[in-house]
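Okay, so here's the structure we're looking at.
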Amino acid sequence: MTTGSSPALPSSLSTHLERSVSFAPGRQITIMVSGGAGGAPHYCYDTHTNTYYLRTFGHNTMDAVPRIDHYRHTAAELGEKLIRPSLAELHDELDKVRRPRDRDGYANGEEGTPTGEAAAAYTADSKGVVKFGWIKGVLVRCMLNIWGVMLFIRLSWIVGQAGIGLSVLVIAMATVVTTITGLSTSAIATNGFVRGGGAYYLISRSLGPEFGGAIGLIFAFANAVAVAMYVVGFAETVVELLKDNGALMVDEMNDIRIIGAITVVILLGISVAGMEWEAKAQIVLLVILLLAIGDFVIGTFIPVESKKLKGFFGYKAEIFTENFGPDFRGEETFFSVFAIFFPAATGILAGANISGDLADPQSAIPKGTLLAILITTLVYTGVAVSVGSCVVRDATGNVNHTIFTEWTNCTTAACKLNYDFSSCQKTECPYGLMNNFQVMSMVSGFAPLISAGIFSATLSSALASLVSAPKIFQALCKDNIYPGFLMFAKGYGKNNEPLRGYMLTFLIALGFILIAELNVIAPIISNFFLASYALINFSVFHASLAKSPGWRPAFKYYNMWISLIGAILCCIVMFVINWWAALLTYVIVLGLYIYVTYKKPDVNWGSSTQALTYLNALQHSIRLSGVEDHVKNFRPQCLVMTGAPNSRPALLHLVHAFTKNVGLMVCGHVHMGPRRQAVKELSTDLGKYQRWLIKNKMKAFYAPVHAEDLRDGGQYLMQAAGLGRMRPNTLVMGFKKNWRQADMRDVETYINLLHDAFDIQYGVVVIRLKEGLDISHLQAQGNRALALFFADQLLDASTQFQKKQGKNNIDVWWLFDDGGLTLLIPYLLTTKKKWKDCKIRVFIGGKINRIDHDRRAMATLLSKFRIDFSDIMVLGDINTKPKKENVAAFEEMIEPFRLHEDDKEQDVADKMKEDEPWRITDNELELYKTKTHRQLRLNELLKEHSSTANIIVMSLPLARKSAVSSALYMAWLEALSKDLPPVLLVRGNHQSVLTFYS
């Protein structure tokens, strides 16, 4: 479809040229032509729909070729996401309409793009935004976070306890967990564009807001408290140096607080200065850390005689052999040692946590994270083997123990090297792997550089956590998962820095620094990190299990079962580290999960939870299709002709009362009128009213169709609605209250729809409220006060089934055996909370001389059906003639609809009957006189016995569709149900829906 021919452009034009082309009445299209050799792309911009199109194949066409800007979620270079022409615009040139959008203005659950000020800010400042590559943004951060103080002051002790072999196993076990998590992180990060929010973003977009909201909050808190942990570790090291030099300011505890507070203020200043300054600081700290590691390695090759007294002899096979096996002392075990080491490996998400500041997160996160794990693992393993090969477990530091005599009974490695430290077996010695945490300083070539390395490790980890926590919290707040935190979503400057989040993180960290005792909180923090890792692994397993077409990670080196093993390992490690902290973590995550689930945040991220829900529903539906129906499993699955669901609330709520959590409920809506307009309304109404049902907690589906009339639409719905075994089996309609004033062709359509339902073996329920059901005309007025003034009774009646029904009766007039549907529906009502206090009274027809026998027989049947009832009443006078005034009123009612063929010529009568088949003939009226009188008499009995009931459920009278006219049948229903409480006229399909067999 073209927009019109375009004159040839001079070849000399190489600059942009604007040309307005007439397209349609009232429409102008500006074509932006980009000249030059090579046939550069040509854009056209539709001023009406604010949409850019690509000029394709040398013609001015509305149709757009594939391009990335049509698939963006974030702002494009032109300031907003580009929108391809809608199908309606392409399909209908002269009557273009904007595409219907969801509430947020985007189709198919797409996340919104920055608009207004946000879009303007994006385009204005995009050139000044600082973005990091994979080395500076991920690799450096992860290495700095993984290389903590554990490397310098605890690894040697672990080697002393577990030995070289088990120490390497400890490192390998931790590496297995982190590597699996790294692979899972890489898979999620490469499955689409990654925004800011790190672990929270990855988990929430994979598993949904429930898990994401829970983990996001505790992960941000864990990072905030981790700042305090690392700063206190730094402060403790500084205080030790001050203590050694006699330079304490107050005392050890208060000095830690003072130094910690000053340190965190400086770190905050670096962070607030911007990500570029923070990144530069990280580079400096990494250089110091690498120099410290190099200093240690060099020191291992330079054994100094004075250091031998402290247990350092250089690389010796004797020491390696002796230290290879474990020597657990005190209460230490393999798992306790593992629990002490594992927190050192929990820095693998440092790069992912600033995903919003990475130039290419999809490439940077996998490369940087996995390489960081590899490098740090090699360093940890190398240091463990080196220190275990150079230093003995115990040393006295006493020069008197350097003399070795042949008669001394000593077999240790130190003895073989002419040093006798056997006294350490009786008393605790100050040196050696088991006793001295400063072994690496002692071994190193220049000890102050190791202290600088410790400072670098603690400060870099603190800085990374100080940056991560606000970024994660800001992303969480932007999604409005917890509305009370929305104020922290605001960002400042070109990089959208979360300054409010920085201040909150600073206050949390400062509070814990002032406590200065973090031994209790430390295991909880480790468990918070592990819970995040477990959910990242589980996200990959879950997404793979769901088999969503949208799960297409560019990173292929993952396996769903390995990810599941990783998730399980993380949960096991949580208990290994600290069982009570693990339980507390589970309780907190579960509590936050329940809270977010209860609040139901209004987001749609296409999570794997949604995908798996669909897959399960599909698989179970297919499985159900292969199972034959059984009477014990019968459920009333109702096709309710509600029209717009909010137009007949009483009908909707009453049916929902007995189908909720029991059977299917489909709200059928027949759109009539011009096809083009009706079809356009279908897609709009489908989303609109399904959301309305969900918002109003209606467990139902909305099914709109377009048809020429109600009967055709009803036929379409009865034939096509549902899926497999989940298909309607009962048609529910409201009583046509205004039938006498309506066009009788509409009445004919209404009655024929009932006949159609019976023809395809549907049960039928007709619901009548004396006030009426339809309130759409009141909604259209838009003035509720005016509506209440004119129709307060109708509005009150429309809400009566939303209230608790109290201790009253449900009267069941089970006059004809329809298979039991007339009895099943009231029983289902009594199982619901609002109806549970109501009692069932059963009315049946019988003979006067057999009333007791009929009552006992019905009581026996109901007891076999296990249906409680309060009373059974046998009506022996159903066939008594009705009152004359009622007969007269009925005749007066049907008079306008009679044919009176006896008073007309035969040809005239036949022609009139052919043109107006709904008319009542004299012969028909006489033939069904007894049935007419029965309806009148039943109405009298209903008024006598059931006028105070909450609801009446009664057998619907049947009529042969070829013999009884629509007007006479409507008159029967009118006469039967007028001036009564709410009435359900029910007729099953005469197949048993109740059984007393097990």
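Using N, Cα and C of the backbone, Cβ positions are placed for all residues, glycine too.
Among the features that TrEMBL reports, domain 'Amino acid permease N-terminal' is placed at 46-97.
According to TrEMBL, the domain 'Amino acid permease/ SLC12A' annotation covers 137-639.
Sequence annotations record features per position, and here TrEMBL assigns transmembrane segment to 138-158 (among others).
Per TrEMBL, the feature transmembrane segment maps to 164-190 (among others). Sequence-distant contacts of the transmembrane segment (164-190) (same chain, six or more residues past either end, CB-CB distance under 8 Å): 155, 158, 202, 205-206, 320, 323-326, 334, 337-338, 341-342, 344-346, 348-349, 352, 355, 361-363, 365-366, 369-370, 373, 377, 380-381, 384-385, 388-389, 533, 536-537, 539-540, 543, 553-555, 557-558, 562-563, 565-566, 569-570, 573.
Residues or ranges marked as transmembrane segment by TrEMBL: 211-235 (among others).
For the transmembrane segment (255-274), same-chain residues at least 6 beyond its ends with a Cβ under 8 Å from one of its own Cβ atoms are 130, 227-228, 231-232, 234-236, 238-239, 242, 248-249, 281, 459, 462-463, 466-467, 470, 493, 495, 497, 499, 502, 506, 509-510, 513-514, 516. Summarising the annotation, TrEMBL assigns transmembrane segment to 255-274 (among others).
Here the transmembrane segment (283-304) has Cβ contacts under 8 Å with residues 136, 140, 143-144, 147, 151-152, 312-315, 379, 382-383, 386-387, 390, 440, 443-446, 449-450, 452-457, 459-460, 463 of the same chain, all six or more residues outside its ends. Summarising the annotation, TrEMBL assigns transmembrane segment to 283-304 (among others).
Per TrEMBL, transmembrane segment is recorded for 334-356 (among others).
Here TrEMBL flags 368-388 (among others) as transmembrane segment.
For 446-469 (among others), the entry in TrEMBL reads transmembrane segment.
Per TrEMBL, the feature transmembrane segment maps to 502-522 (among others).
Annotation comment: TrEMBL describes 528-546 (among others) as transmembrane segment.
Positions annotated as transmembrane segment by TrEMBL: 558-577 (among others).
Long-range Cβ contacts of the transmembrane segment (583-598) within its own chain (Cβ-Cβ under 8 Å, at least 6 residues beyond either end) map to 209-211, 213-215, 217-218, 481, 524, 527-528, 530-531, 574. What TrEMBL records for 583-598 (among others) is transmembrane segment.
Marked as domain 'SLC12A transporter C-terminal' by TrEMBL: 648-782 (among others). Here the domain 'SLC12A transporter C-terminal' (648-782) returns a mean pLDDT of 88 for the predicted model.
Residues or ranges marked as domain 'SLC12A transporter C-terminal' by TrEMBL: 792-998 (among others).
For the transmembrane segment (334-356), same-chain residues at least 6 beyond its ends with a Cβ under 8 Å from one of its own Cβ atoms are 132, 134, 137-139, 141-142, 144-146, 148, 150-151, 154-155, 158, 161-162, 166, 170-171, 173-175, 177-178, 181-182, 185, 189, 194-199, 201-202, 223, 275, 326, 328, 364-365, 368-369, 372-373, 376, 380, 461, 464, 467-468, 471-472, 475, 496, 522, 526, 529-530, 532-533, 573, 576-578. Applying DSSP to the domain 'SLC12A transporter C-terminal' (648-782) sorts its residues as follows: 65 helix, 26 strand, 44 coil. Highlighted: of the candidate stretches 138-158, 211-235, 368-388, 446-469, 211-235 has the greatest count of Cβ pairs under 8 Å to the transmembrane segment (528-546).
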